[in-house]
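Chemist: So Swiss-Prot says this about it:
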- 13-201: region 'Large ATPase domain (RuvB-L)' (REGION)
- Leu37, Arg41, Gly82, Lys85, Thr86, Thr87, Glu148, Asp149, Phe150, Arg191, Tyr201, Arg238: ATP binding site (BINDING)
- Thr86: Mg(2+) binding site (BINDING)
- 202-273: region 'Small ATPAse domain (RuvB-S)' (REGION)
- 276-352: region 'Head domain (RuvB-H)' (REGION)
- Arg330, Arg335: DNA binding site (BINDING)
Amino acid sequence: MAIISSSLDESNIPRSRKELRLVDSKIIADEKINKNLNIVRPTSFKEFIGQEQIKSSLKIAIDASKYRKEALEHTLLYGQPGLGKTTLALLISYEMNSKCRVASAPSIERPRDIVGLLLGLKEGEILFIDEIHRLNKLTEELLYSAMEDFRLDLTMGANRGARCRTINLPKFTLIGATTKLASISAPLRDRFGLCHKIEFYSNDELKQIIFNFSNLINLQLDSDACCSLAKISRGTPRIALRLLKRVRDYAQVMKKTNKISIEIIEKALDSQKIDNRGLDNVDRKFLSFLKLNNNNPIGLDSIAAGMGEESSMLEFVVEPYLIQIGFIMRTPRGRKLTSLGKKYISSNNEKY
């Protein structure tokens, strides 16, 4: 089984200093080339921690495809960044014993780019497209017949010399990953036979992921230390591993040790202005802005202007976790603090 990757999509890598948040689930530049992220990737469903229902469903579909000696149905995976969509896609290729070609939608700029990818596929191979909701319309329309009938309908020439040509394709599997399911057009979405939402991970699952990764990078963490780190990882493995690496840096530089205690975790994260709820300065600034308005509902654009941030960043990066832990609520008139949010920001503003 081989994995062939296209050029990396740099558009999802935050550029400015203020965007490089440790608790942001988007991948950051150094993680694109960090070999540790590849070390920790499981190579079978058995090694993959969490998402039990999805694994069970995929295992049945894969075994059925093998039994019939057919390609797996086209599969769509969606959910927040950092939950393992790419890892699951690669695991499917391992389980199917198929070659997987990896591409990012923003790098597929022209129709001929997707044509080249499709023509390069062989029987039973897998094409994985990350951020598939960002495909342009012309490219997306070429996928309709490719997915449904395994053929490409191309128009060659122009004006009176134009002619249609149909190219048959081998039976392949398209796996799409997206953080924005609603942004995928209905015709494309309906052509996926399997569609799964990747859920946030429990603290116990994150604890096991942290423990496994700490062994791989020669760190000694006891159960309590793993549990402490899991609780502030926002249910996201990518954040958990990123925080663990920053704790490792602190322990090795400041304490000259590879043994991680709860005390070291607290001091390391405190140096990064991350508290025991996993919130950083951006989160606290968001909550403080709501409090300053006497808890009257505020529109997202007004909050973004007041904070000097983009409204889309606040909506898709900051808000989901604050809503998940019950600190803010969305109303028809805007955002406002809950009683938990008021209590938190009142007790933490002095410290930070």
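The backbone N, Cα and C atoms fix where each Cβ goes, and this holds for glycine too.
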Chemist: Any idea what the Cα distance is from Arg330 (DNA binding site) over to Tyr201 (ATP binding site), rounded to a whole Å?
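Modeler: One finds 24 Å between the Cα atoms of these residues.
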Chemist: If you average the pLDDT over the region 'Small ATPAse domain (RuvB-S)' (202-273), what number do you get?
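Modeler: Mean pLDDT for the region 'Small ATPAse domain (RuvB-S)' (202-273): 94.
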Chemist: Cβ distance under 8 Å to Thr86 (ATP binding site), same chain, sequence separation 6 or more: which residues?
Modeler: Val102, Phe128, Asp130, Ala177
Chemist: Return the residue, from the listed binding-site residues Phe150, Tyr201, with the maximum count of other C-beta atoms within 10 angstroms of its C-beta.
Modeler: Tyr201
Chemist: Whole-number Å distance between the CA of Tyr201 (ATP binding site) and the CA of Arg335 (DNA binding site)?
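Modeler: It is 26 Å, counting Cα to Cα.
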Chemist: What is the separation, in Å, between the Cα atoms of Arg335 (DNA binding site) and Gly82 (ATP binding site)?
Modeler: 26
Chemist: Sort the residues of the region 'Small ATPAse domain (RuvB-S)' (202-273) into helix, strand and coil with DSSP and give the three counts.
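Modeler: In the region 'Small ATPAse domain (RuvB-S)' (202-273), the DSSP-based counts are 52 helix, 4 strand, 16 coil.
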Chemist: Using DSSP and collapsing to three states, where does Glu148 (ATP binding site) fall: helix, strand or coil?
Modeler: helix
Chemist: Indicate whether Arg335 (DNA binding site) is helix, strand or coil by DSSP.
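Modeler: DSSP call for Arg335 (DNA binding site): strand.
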Chemist: Look at each of the binding-site residues, Arg330, Arg335, and point out the one with the fewest other Cβ atoms around it within 10 Å.
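Modeler: It is Arg330 that, of the binding-site residues Arg330, Arg335, has the fewest other Cβ atoms within 10 Å.
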Chemist: Count the Cβ atoms, other than its own, that fall within 10 Å of the Cβ of Glu148 (ATP binding site), considering every protein chain shown.
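Modeler: The answer is 12.
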Chemist: Is Thr86 (ATP binding site) helix, strand or coil when read with DSSP?
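Modeler: It is helical.
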